[in-house]
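Below is one structure; the comments refer to it alone.
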Amino acid sequence: MKQAGASFALLVALVVAVAVLQPTVADRLRPKGYKQTVQKLQKFYVEFEAEVSREFRRWKREGVMSPRFREIIASSRIGTHERAPELRELPTAREGAFCGICRGFGGSVLELRREGASREEVYNTTVELCTLLNLQEEHICRGLIDLNIDPILYIVDNRPQLTSGPLCAVVFQSDACVLEDPTFSDWAVDIDPNGTPVTASKSGTPQRGPNDLKIVQVTDLHFDPNYRTGYNADCGAPACCRESQGIPEDPAAGAGHWGDYRACDTPWNAVEDLIDRVVEDHSDADYIYHTGDIIDHGIWETSIGYNVRSIAQVIDKLREAFPDTPVYNILGNHEAHPTNVYALGDIGRNDFSTNWLYHLSADLWSHWLPRATAQTIRLGGYYTALVRPGFRIVALNNNDCYTFNWWILYQPDALVTQLQWLHDVLLQAERAGEKVHILAHLPISSDCFSVWQREYRRILERFRDTISGQFHGHTHKDEFNVFYGAEQPEFAVGVAWNGGSGTAHTNVNPNYVVYYVNPETYEVTDFESYAYNLTAANLTPDERPNWFRMYSFQDEFGVSDLSPAGMDELIQRLATPFGRDDLRRYWEFKVKLADASLANGCSDSCLLNHLCEIVTNQSGDDRKCQELSDMFD
């Protein structure tokens, strides 16, 4: 989640925001004159960076902040409410301010390190800036920076050409932060040239049938072993309701038995109940997709041992629940330690390696997978498996493309490795006449590095007839994304479904999704989302939550089919005044009818932003959003 800071200090502290999901509304729309404003900002950044550098050097030389430097810091402080949302979901007007903070303070801390500052000096400086800029409370700043400072120092020391400009442009990835360094963009997947041009939207299987396969998706459980009923749910940290945060004086601020709408993760009893409900109510499921984020949001105090224990506990529960039903697991950004940090390329430091997680995953997942999958899991946490003749799973570890994965700054072209593997697997599947489901934790639109987004879209477009479905997690929302041709944006080429979350963090009800899949085309023909109302569940802590079928997509929206063409038809309808009620209903289901979100409501501009989220899959490409905006108005 993108946050306002960004000196080096801020970069490190920004990991906080990465953990804190669930903003209330995206801000995809660009106001008139936006491009001109961005052009003016580029000049401002240079001037601001120079002034911050001058005052920063004076502070380090004299040991006291000048009145002007304190004034700059005070004007740059973020609001406490801005700690949580991702940058892409904050108002567009704040993008330039955040990029300016990053450029200004980031350049100064980069200079400090390159002029010989020790780890201790950089650490103390960044903790002070993190606190003064209100990125988090001091103890959280200390924990986050201590966990992340060593890989970041390594990157800065070994990439002497890295400056604050591209650094901020990669991490913040907004149009207001322009990426001009070709080092980050001059790489590409080698695409097989035998594909057919996009001349129409991809159509598909009409309706749900009696022989459809049944696939259950469980995602974003975010199990917190430190969750305690009655403890402080309004603590202001990325994760609350924890034992160390004490019992609040106001009972209304206490954590509920089954979870909490505030910044709290999932108690073990709620994790068990969700998995048990799937077993009890969907014993005929053919497959389970478990799409990552087992670990909680206490990202300032994780460790390898801590993560291993939580991961093993959840996978053991899944193995107990589904001994004979194939479970296809993937990694979430929270599984890594430090959070989000997945090593890329040839680092040469074993202490920075993610191999511990890959080897653990290969061992824990082996109960359900062919032995051959272990090779790529141990290499990079991804794999492919033939589920049945004609049907293949490709399970990605696309957490490497997360803009908060610091290693993108070190060797961005290393991102090509897994993408090229994906392409090659799809090419073999095409030649074998197989259909493919792709599992990936991060939605392509959700803070993946823009160049990775570009290359993934090229692959998707080339193999659109082979890829029958995409399944994501991460956002905690019950939503979907539609992909359009890069050069022919009038044609829809793919659909990705999001399973929501087992956690209520933040302002959503827990849920899971049941998909119905045609046994010949392997396309989704319908899906049902199941949830429980957290308010009601916490009123009866001695009783299990009352799970209910929230909706059937086909029944609710009456689409001809769930193909890219069918979903494009729905989107066109949602963009008109006649579809406004359906769009509002889509938003209500997106937040899973959670009392906390429904109470906040969603204005027409809010609804339009949610509609734009469906069709925006590459940073900077807002063509479809603008088209829908024109229809909407």
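Keep in mind that glycine also has a Cβ here, set from the backbone N, Cα and C atoms.
Per TrEMBL, Cys177 makes its disulfide bond with Cys99 among Cys99, Cys264, Cys401, Cys448. Nearest by CA distance to Cys130 (disulfide bond), out of the binding-site residues Asp220, Asn333, His474, His476, is Asn333. Counting Cβ atoms from all protein chains shown, Cys241 (disulfide bond) has 31 others lying within 10 Å of its own Cβ. When the disulfide-bonded residues Cys99, Cys141, Cys235, Cys264 are scored by other C-beta atoms within 10 Å, Cys99 scores highest. Within 8 A of the CB centroid of the Zn(2+) 2 site residues Asp293, Asn333, His441, His474, the other residues of that chain are Thr219, Asp220, Thr291, Gly292, Leu331, Gly332, His334, Asn399, Leu442, Gly473. Averaged over the domain 'Saposin B-type' (95-181), the predicted model has a pLDDT of 92.
Nearest in space to Cys606 (disulfide bond), taking C-alpha to C-alpha distance over the binding-site residues Asp220, His222, Asp293, His474, His476, is His476. Proximity note: of the listed recorded positions (Cys99, Asp220, Cys241, Asp293, His476), Asp220, Asp293 have a CA within 10 Å of the CA of His441 (Zn(2+) 2 binding site), given in sequence order.
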